[in-house]
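Asks: The following block contains the structure, expressed as structure tokens.
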């Protein structure tokens, strides 16, 4: 029995999103549409904000990188989910699982701090409009994004290497529909308390630090809006922040719901719903919420097709 438990794994089995056969085809169609909208929407945002000189501003610089992260996050997860709807056995190879974990962590952690950088950008735009381009210089924008990518890559590689250099034993069934660190830890033969502690510490740090930046930025924005004498100015300020605030609430809410509940109350179905939201639904909604209703983006879109 012990020899069997220490057998080197070559593949994992992922849990299904649903075990009801009649829902397989409808869900495949839904997730295919979600993924196609995600790819088209985010690629459009990347191309428009790169090609149109009117969109070469700090705000659209952040939106371009958010679109890149959303596209990457969705592409890491969704194609495998779609494949699992049409195969009898939902397997993923050992190295593919490691790669999926690394890229997923890199993209999801990057999104935390891109959203917080966008909150700071909105704070500067509303509270210091005359100094906006001085404070949010091109150099600062590149430094902020560079630090985010370096930090997220470091953390993704650290957890992936730590987990996949240890031995897995027992069942090869991952209690999730993609490779994440939380469901992989109980499958390790050796004591995973160190990795589990690091996972909790980094998760809490990522959540709290990025959320505090968002919270403080919006508190200062709210104070500035309350001091505005013009109703038109207040309306414009609220419309500027409304889209970002909506996505922040949904994104952080789904993550908090999944990771901050006690282990004893974790249910696979509720975790699946939260995961679907921040890995598949939010990447689809972000380009729509942030930008496709924006007149500057619409003008850039029409200009691109006219040329």
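Including glycine, each Cβ sits where the backbone N, Cα and C put it.
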Asks: Both residue 135 and residue 297 on the same side of the membrane in Swiss-Prot, yes or no?
Replies: yes
Asks: According to Swiss-Prot, which listed range is transmembrane segment: 198-217, 218-237?
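Replies: It is 198-217 that Swiss-Prot annotates as transmembrane segment.
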Asks: Looking at N-linked glycosylation site as annotated by Swiss-Prot, pick the matching residue from 73, 263.
Replies: 263
Asks: Tell me which range among 26-46, 173-193 Swiss-Prot lists as transmembrane segment.
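Replies: Going through 26-46, 173-193 one by one, Swiss-Prot flags 26-46 as transmembrane segment.
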Asks: Counting only pairs 6 or more apart in sequence, are there at least 3 Cβ pairs under 8 Å between the transmembrane segment (55-75) and the transmembrane segment (198-217)?
Replies: no
Asks: Where else in the chain does the topological domain 'Cytoplasmic' (293-307) make close Cβ contacts, counting only residues six or more beyond its ends and a cut-off under 8 Å?
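Replies: Cβ under 8 Å, 6 or more out: 44-45, 47-48, 51-52, 54-55, 243.
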Asks: When you scan the chain for residues with a C-beta under 8 Å from the transmembrane segment (198-217), skipping those not six or more beyond its ends, what do you find?
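Replies: Beyond its ends, the transmembrane segment (198-217) has Cβ neighbours at 109, 112-113, 115-117, 119-120, 122-123, 155, 158-159, 162, 181-182, 185, 248, 252, 255-256, 259-260.
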Asks: Which residue among the disulfide-bonded residues 97, 189 has the fewest other Cβ atoms within 10 Å of its Cβ, if you could check?
Replies: 189
